[in-house]
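Undergrad: Before anything else, here's the structure in question.
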């Protein structure tokens, strides 16, 4: 029985994780749930799952949740950075699902890794912002890091077991691997007239053809920044060189990624586009459990298609790949700028095509600095956010 803490419990990954847990009640126990400010959602989860702890990042939300919990509920409500650190490092916490979207998830995820926990990594920003430091800390603490992102989980499943055991430090070439093929659907605007992209609305950007995701990740999919961040993640997870990574547009989202070997073989991981599959894989690794997902029906799929990414259509993807080449400072700045830009787009303050413009201008402002600690990274993140806000003010 694994005691699990879910960071981002009220989001889509949190919901999928709880669904897998309900399917496998003898194997997993909900020990702690963490959310930002969604009181009603957290209240319902506490009543249903009866966790020992419910942590709200927002202090007022924590007070409201505490007042609403029925007397029979055993859950203890906490708030504050110290309480969150105590929860993820608690000796009774076995596994941490890191699913808080954005830079907000970096510190608790890093704390869990530092404590040597089994960390199921759904938070892209942990590696985008602190990849080298993150993987070094995991190695030093003995933490187990398993990738939840469907693409990285697919790559992981296609790798030899000895490579799986050396994430962050594996030698792909020595194991006969020539390329990692990172697939992406191309999002809702894959075939949209380029001249009309500036008029696309948040609702249109969030209408993904295959996946059910939160608003921020949906917009990132529409710009393909999502794939760019995954490109950076893959660099750190699988210790790749830029020439070993390729992005492939695959609109059907059936092949979640592939590994190409020196002998000409290509191993692909396939399945219906449902996050419960990679979540269940990580939760039970190296075993397999039921995820509640319908098996892939090849007769219904019919055909699979592929194409190269168009960087005129997806400039954010190019920016992310360039930032990956520049180093950790650039990827940290790009991530921060993108979060501010996407939030502004979702609030109707900038156009869809302005997202790439904001990202480019912020990335262009990167100054070389050493990032030796989480504090250094968070300071640069804060500076980049301020720069993004300033850039956006010139667009209005």
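Just so you know, glycine gets a Cβ as well, placed from its N, Cα and C.
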Undergrad: Can you tell which of 91, 178, 185 Swiss-Prot lists as binding 1-deoxy-D-xylulose 5-phosphate with 124, 150, 151, 208, 221, 226, 227, 230?
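TA: It is 185, as the record lists it for that site.
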Undergrad: Out of 214, 228, 264, which one does Swiss-Prot list together with 10, 11, 12, 13, 123, 125 for NADPH?
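TA: For NADPH, Swiss-Prot names 10, 11, 12, 13, 123, 125; of 214, 228, 264, the listed one is 214.
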Undergrad: Do me a favour and check the Cα-Cα span between residue 208 (1-deoxy-D-xylulose 5-phosphate binding site) and residue 125 (NADPH binding site); whole Å is fine.
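TA: So the alpha carbons of residue 208 (1-deoxy-D-xylulose 5-phosphate binding site) and residue 125 (NADPH binding site) sit roughly 21 Å from each other.
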Undergrad: If you pair up every Cα among 10, 11, 12, 13, 123, 125, 214, the residues annotated as binding NADPH, what's the maximum separation in angstrom, rounded to an integer?
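TA: Spelled out: the longest distance between any two Cα atoms in 10, 11, 12, 13, 123, 125, 214 is 18 Å.
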Undergrad: The record names 124, 150, 151, 185, 208, 221, 226, 227, 230 as the residues that bind 1-deoxy-D-xylulose 5-phosphate; what is their largest Cα to Cα distance in Å?
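TA: It comes out at 19 Å between the most distant Cα atoms.
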Undergrad: Expressed to the nearest Å, what is the distance separating residue 125 (NADPH binding site) and residue 230 (1-deoxy-D-xylulose 5-phosphate binding site) at their Cα atoms?
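TA: Distance (Cα to Cα, whole Å): 10 Å.
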